[in-house]
Structure formats: structure tokens, C-alpha cells
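Quick notes on the structure that follows.
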Amino acid sequence: MSELLRPDLALIARTVRQGARVLDVGCGDGALMAALRDNAGVDARGLEIDGSNVADAVGRGLSVVQGDADTDLRYYPDASFDYAILSQTLQTTRRPDLVVEELLRIGRQAFVSFPNFAHWRGRISLLWGGRMPVTRLLPDTWYDTLNIHHVTVDDFRALVKERGWTIDGQWFLKGDKETTHANANLFAEHAVFLLRK
Amino acid sequence: MASLSMTDDSRFGLRRQVRLAGPLPLDSGAALGPVDIAYETYGTLNADRSNAILICHALTGDQYVASDHPVTGKPGWWWRLVGEGKPVDPARHFIVCANVIGSCMGSSGPASLDATTGAPFAMRFPVLTIADMVRAQAMLLDHLGVARLAAVIGGSMGGMQALTWPTLFPQRVESCIVIASTARHSAQNIAFHEVGRQAIMADPHWRGGDYYADGQVPSAGLAVARMAAHITYLSEAGLTEKFGRRLQGRDAKTFGFDADFQVESYLRHQGLSFVERFDANSYLYITRAMDYYDIAEDHGGSLAKAFTASKARFCLVSFDTDWLYPTAESRIIVHALNAGGAQASFVELSSPFGHDAFLLECPELNRVVDGFLKGGRA
């Protein structure tokens with residue numbers, strides 16, 4: 001039986017086609033990959049930067065390679081996967097735009113999920129407190145966070161438009177519940193986009 | 001059925017040796033035949049012959065992967081990974097480990113008798129490659145009735161053999177575990193080996209390799225070769241932690257050339273104990289085979305092309321303090337496998353022990369190997 005997935009991963013797991021080929025970039029300990037393999041017969045491969053996470057994932061029988069999304073995606077051939085997935089990793093990459101370009105080269109479609117930095121709690125923290133937000137979803141302080149490119153829903157939409165990518169699906173999450181598209185930039189804690197070139 | 005008869009079948013068990021007629025065609029153009037192979041098997045080949053695992057040993061290793069060494073009395077060199085309750089388990093797997101050809105633990109090598117002269121081959125033994133060693137292993141598996149390997153596993157030079165297997169016999173390998181290894185020998189690797197070979201050949205007892213008759217073997221040269229190589233198996237931090245600048249059995253420097261330092265004494269001991277169990281000419285031949293090793297070179301310069309015919313799953317492991325076959329070498333293999341769409345896993349594990357880490361206590365390595373092997377049956 002698969003473990004309880006993080007809400008954005010559960011959403012992606014529900015959307016991926018049965019038997020698809022999937023590359024999970026920043027796959028962590030392989031929770032999503034294992035769920036996809038066990039429940040949807042998906043041929044899943046992973047890329048993960050943290051060695052201990054990779055050992056966990058390989059230990060559960062998954063094909064995971066230790067590497068860096070910023071530098072190692074170029075070794076994957078064009079259109080070699082149905083989906084490339086980047087969950088909660090975009091904001092930690094050095095060049096998020098180039099990483100998404102690579103995802104769209106490798107995968108026919110790409111899932112990108114990220115925490116929305118324009119959520120109202122963060123805005124209030126910065127507006128009234130004058131301090132960088134430390135919230136349930138963004139629990140790290142400015143000096144030790146792995147998030148080096150803070151992005152909002154509207155920022156990401158602007159990037160998509162600028163690069164001419166197509167949005168095949170978009171979902172917004174508040175806690176583990178889906179929330180409305182209206183005012184997502186203000187009310188969504190997490191965003192999940194399904195893109196293609 | 002097969003399982004019931006195995007205990008009565010002299011092909012299976014500990015301390016086996018077989019003479020295969022051959023001839024085995026070699027990369028050099030020469031041929032070797034007959035081919036003696038010394039090997040051990042553990043566990044039982046199941047009825048559908050789907051549980052065979054081949055373990056490949058390193059430069060100075062041997063077939064005693066999981067049983068006591070007949071010369072040193074030490075436990076099998078990979079007892080931490082192979083044995084009851086271990087990731088490679090004779091209760092589940094049929095395990096084969098064979099001494100590579102060119103070596104000196106019972107397989108054909110320079111110390112073997114040349115049937116045409118009645119004398120040891122010495123330097124008249126043909127120069128071998130890693131691929132030749134693998135082809136000899138394939139001959140042994142034919143003899144044992146093993147058509148397909150559930151896994152081939154090796155560390156260091158054993159990893160070179162393991163990685164060569166799916167390139168030569170893509171239909172025979174289901175999964176491949178390559179630990180602390182590389183797809184080619186670098187200039188630095190070759191350089192260190194050349195130091196060792198020159199030390200052996202500079203020993204007056206070497207005599208062009210013809211030293212078998214009177215027992216005056218080039219032990220000083222071989223010991224130096226081992227000392228130099230041994231340094232490459234350890235990390236700087238590991239040496240510092242183990243020995244630092246501590247003196248050996250004395251309170252002050254002697255202002256002489258005794259082994260003042262513990263690290264000197266340790267290396268001398270490593271060199272001396274090595275010559276008791278290893279043949280100097282074998283050391284020349286096997287280091288040469290490693291230096292000639294470059295899988296991409298054999299496939300038009302493309303490492304990715306080497307694996308396109310294989311459906312095997314791959315698992316690569318490197319260690320962060322290994323400077324002999326550093327992580328970058330494993331990454332080259334991983335990138336080639338990714339380019340070909342192979343099922344590949346790779347992890348760099350952390351250890352203070354340098355290249356030797358693959359032989360030492362490493363729970364993470366066991367977890368990775370165990371999970372990878374079981375993953376194939378999910």
C-alpha cells in the first residue's frame with residue numbers, strides 16, 4: 001500500500017496516464033515514483049540531488065540517479081518521456097526558466113509545482129512585519145532556505161506566456177484541498193501546472 | 001529438480017576448478033586453450049535458472065568471495081555483501097565467483113604450465129583484456145548451465161567486468177551493479193600501474209618473468225607495487241585519521257631510514273603480506289588488462305552505443321573520498337545510460353575510506369544493493 005502523498009504529488013499521481021513513462025526531477029525519496037509504479041504501472045525514473053534520498057529510493061527498487069537539475073538534464077534525450085515532473089524544486093534551481101525548457105524538451109508534457117510566494121500570509125508578513133515570510137509551507141529563514149528563486153503564480157504565468165509554452169492544466173491548493181482559480185495568486189499556497197511546448 | 005541434484009554435481013560448491021577446452025579467442029588476436037577456471041558457487045540454481053548472480057573480483061581479489069581464504073585464513077573478501085542474511089544470499093541466489101584468467105589462484109595465468117613446453121608460461125602468456133576475462137566467465141557459466149544472470153556485481157576491476165558483461169552478452173544480463181568503478185582507465189590510473197610494473201621488472205629476481213623454477217621471486221618489486229597501489233585505495237583523510245604523523249614503536253625519530261612512521265610500517269606490512277599470496281607476473285598481466293580497458297573505445301568512441309543492445313537495469317555506486325575511480329567516472333557511465341534510455345540508478349555514498357570503502361562496513365551500500373536486487377522482482 002502506498003504511503004500518503006503530499007497534496008501536489010497526489011494531484012499529479014491522479015493525472016498521469018496509466019503506463020506512461022515519467023521522469024521525476026527532484027524525486028526525493030521516490031514517494032511519487034513508487035505510487036505511480038504501484039498504482040498506475042508507470043515506468044518512472046528519478047533524478048535527485050541528495051544522496052541519502054537516492055539511497056532510500058533505490059532501496060525501494062526505483063531507478064533514481066543522483067544529480068542536479070541545473071546541470072544533468074541535458075544528458076536525457078529529446079521526448080524520451082511522456083511526462084517530466086518538477087515538484088517543489090523549481091524555486092531551488094539556479095535557472096528555473098532553463099530547467100523548465102529542459103523538462104519540455106525531455107517530456108512531451110511537464111508538471112511543475114511550486115509554493116506560491118504571493119500567498120496572502122507571506123504578503124502580510126512582508127507588508128506589516130517587514131520580514132521575509134516564515135510560514136508553515138515556507139518554514140525556513142531567509143539565510144538557510146534552499147529556495148533561491150521565489151516565484152508567484154502570476155510570475156510563473158508571465159514566464160509561460162513570454163516563452164510561448166502552452167498550459168494544459170493548472171491546479172491550486174490550499175492545504176490539501178484544491179482551491180479556486182480566481183485570485184489564485186493571493187489565495188493559493190501551492191500551484192501545479194501541466195505544460196507543453 | 002535441478003536443486004536436488006546439485007549437491008551431487010561436482011560442478012557446484014566451494015573450491016571448484018574446471019578445465020575448459022576452449023580455445024578462447026582473445027582481443028589480442030591470440031587464443032587461450034585449454035582454459036582453467038577456479039571458482040566457487042554458493043546456493044542453489046532454481047528450477048527455472050533465474051536466480052544466478054555472478055560476483056566479479058578486483059585486481060588482487062579471488063574466488064573466495066564468501067568463504068575463508070585458503071592462504072590467509074581471512075573471511076571471504078565480500079562477506080559483508082554476500083552470505084546468509086546479506087543482500088546477495090545463498091538462500092535465495094545461486095552465486096558464482098570465479099578467479100579471473102591471468103590471475104594466480106587456480107585460473108589460467110602466467111604461472112600456469114604451458115602444455116606445449118611443460119614449463120610455466122611466464123611472459124609467454126598472452127596479454128589479456130577485461131573483455132577476455134568476461135568471455136572466460138561466460139564459458140564457465142555455459143559449463144554450469146547458466147544462460148542468464150539475474151545480476152552481475154563487481155567493485156573496482158570487478159565493476160569493469162560487470163559493466164562489460166551487458167556490452168558483450170546483452171541477452172544474458174538482467175541487472176548490473178557497478179561499484180567504485182569506471183568505464184575506462186584514466187592516464188592517472190595507467191600511471192600508477194606503470195609504477196608498480198616497473199618496480200616488479202626492476203627487481204633482479206624478476207628475470208624477464210622466468211623466476212618460477214628456483215623460488216627466488218621478485219618479492220621486493222611486487223611489495224613496492226602493492227605499497228604504491230595501496231595508497232591509491234585509501235583517502236588522505238583516512239590515512240591521517242589512522243596514522244597521522246605518529247611514530248611506530250618509538251618515542252623519537254631515528255634519523256635513519258627505518259620505518260619511523262606508523263604509515264610506513266603499515267605499508268611495508270601490506271607489501272610483505274601481499275607477496276605471500278600473489279604472483280608478480282599476474283600483477284603485470286592484470287594491471288595491463290585494466291589499462292587497456294575503455295568501453296567507449298571499443299564502440300566507436302561512444303559509451304552510450306555500448307549499451308544500446310542491453311535491456312539490463314543498472315545500479316552504479318561511487319564513494320565521495322574515492323580518488324582512484326572518482327564519482328565523475330560513474331557519472332560518465334550514468335549519462336551514457338540515460339542517453340540510451342536505460343534503467344539506471346546511481347548514488348554517491350559517503351565514506352572516509354576512499355576506494356577501499358566498497359569492501360568495508362557500509363550499511364547504505366547494503367541497503368542500495370538489496371533494494372536494487374529486490375526491485376527487479378517487484
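Just so it is clear, glycine is given a Cβ too, placed from its N, Cα and C backbone atoms.
Because TrEMBL annotations are produced automatically, they should be read as predictions rather than curated entries.
Record features (TrEMBL):
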| type | residues | note |
| --- | --- | --- |
| ACT_SITE | B:Ser156 | active site, nucleophile |
| ACT_SITE | B:Asp322 | active site |
| ACT_SITE | B:His355 | active site |
| BINDING | B:Arg226, B:Asp356 | substrate binding site |
| DOMAIN | B:51-359 | domain 'AB hydrolase-1' |
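Reported as a whole number, the C-alpha separation between B:Ser156 (active site, nucleophile) and B:His355 (active site) equals 8 Å. Set side by side, the recorded positions B:Arg226, B:His355 differ in how many other CB atoms lie within 10 angstroms of their CB, and the most is found at B:His355. The Cβ of B:Asp356 (substrate binding site) has B:Tyr233, B:Leu234 as same-chain neighbours under 8 Å, each 6 or more residues away in sequence. Between the CA atoms of B:Arg226 (substrate binding site) and B:His355 (active site) there is a gap of 15 Å, rounded to the nearest whole number. If you average pLDDT over the domain 'AB hydrolase-1' (B:51-359) in this model, you get 96. The residue listed as 'active site, nucleophile' counts 27 other C-beta atoms within 10 Å of its own C-beta, drawing on all protein chains shown.
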